[in-house]
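Novice: Sharing a structure with you now.
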């Protein structure tokens with residue numbers, strides 16, 4: 001693995017322009033919130049730990065997405081879907097995570113199917129403004 005950070009596309013930043021740091025990483029507040037869930041109530045997390053996890057998460061996402069994208073390109077498809085990501089995780093040795101993610105993806109698709117077309121109708125569905133499903137419908141991991 002290279003010593004310098006690569007772009008999220010996994011191409012070393014050669015995808016037509018440099019990626020701004022704030023676009024490369026998940027927000028540190030989100031990272032911190034997730035990390036705190038694994039600690040006792042009085043636990044503290046150092047800035048260096050948050051920064052390290054932020055970097056690792058970005059690298060992991062790039063790693064999985066790049067593998068899935070390569071698969072899609074070979075199959076002459078332009079859109080990476082959840083099944084492609086699961087395939088990439090299996091290919092790259094993350095089999096232990098597949099079953100819970102398959103369950104999550106199936107539930108997500110089930111909820112999306114139930115809510116298709118209801119996002120604009122004002123029917124009280126739990127879609128957010130961007131058309132996504134709100135967190136209260138999805139299982140909490």
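Residue 1 is the first one shown; counting continues down the chain.
Each residue, glycine too, has its Cβ placed from N, Cα and C.
The region 'Disordered' annotation in Swiss-Prot covers 1-23, 114-141. For 2, the entry in Swiss-Prot reads N-acetylalanine. Annotation source Swiss-Prot lists DNA-binding region at 26-32. The region 'Subunit association domain (SAD)' annotation in Swiss-Prot covers 53-64, and the record cites similarity to another entry as its basis.
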Novice: DSSP helix, strand and coil counts for the region 'Subunit association domain (SAD)' (53-64)?
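Specialist: The region 'Subunit association domain (SAD)' (53-64) comes out at 12 helix, 0 strand, 0 coil.
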Novice: Pop the mean pLDDT for the DNA-binding region (26-32) in here, whole number is fine.
Specialist: 94
Novice: Taking helix as H, G and I and strand as E and B in DSSP, count the residues of the DNA-binding region (26-32) in helix, strand and coil.
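Specialist: Residue counts in helix, strand and coil order: 5 helix, 0 strand, 2 coil.
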